[in-house]
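Going by Swiss-Prot, these are the annotated features:
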{"type": "DOMAIN", "residues": "29-160", "note": "domain 'Nudix hydrolase'"}
{"type": "MOTIF", "residues": "67-89", "note": "motif 'Nudix box'"}
{"type": "BINDING", "residues": "Glu83, Glu87", "note": "Mg(2+) binding site"}
Amino acid sequence: MEYRSLTLDDFLSRFQLLRPQINRETLNHRQAAVLIPIVRRPQPGLLLTQRSIHLRKHAGQVAFPGGAVDDTDASVIAAALREAEEEVAIPPSTVEVIGVLPPVDSVTGYQVTPVVGIIPPDLPYRASEDEVSAVFEMPLAQALHLGRYHPLDIYRRGDSHRVWLSWYEQYFVWGMTAGIIRELALQIGVKP
């Protein structure tokens, strides 16, 4: 796939043709979800946030909108939509959910389900001052180019964990967020 010319139609066709395998073993039992917001344009964008530097966990990191599943959430999809509305003011009714990726174990003990959704291009994003310091859009074709991600092996508590890292403009994209973007690229058939 030529990543420089990815259209929204190409992305949707590839995503729907290659359904993800969800039967992954996970070590964590606490549930969380993130929304992967794809901005509806002929050349689609990927909406990302930078977390507030005042947060206890993952301060200042680039992330998708998301968080823990609450008792009031009907599903992981509902949790992702609720969190996206709380963090960046994306109304749930404007999100066209097209599917989910396999859950990912976070270092903080959550099983995180990435929910892929298409959002309108003209939404007035409003970052939650408590949680988000910036909202930015990255061209989806650039985000899904696997050559931009570099492996880094981190040793923690006697175990080795591979994380991926990249950057876009002044933003450093790494860890679970970079891993989810890579998983999305592999899901639509991008070759390493």
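Heads up, the Cβ atoms here are built off N, Cα and C, so glycines get one too.
Same-chain neighbours of the motif 'Nudix box' (67-89): 30-35, 37, 47, 49, 95, 97, 100, 110, 113, 115, 117, 123-128, 131-132, 135, counting only residues six or more beyond its ends whose CB sits under 8 Å from a CB of the stretch. Within the same chain, residues at least six positions away from Glu83 (Mg(2+) binding site) with a Cβ under 8 Å of its Cβ are Ala33, Val34, Leu35, Pro65, Gly66, Gly67. The Cβ neighbour count for Glu87 (Mg(2+) binding site), using a 10 Å radius over every protein chain in view, is 24. A helical conformation is recorded for Glu87 (Mg(2+) binding site) in the three-state DSSP classification. Per-residue pLDDT, averaged over the domain 'Nudix hydrolase' (29-160), rounds to 90.
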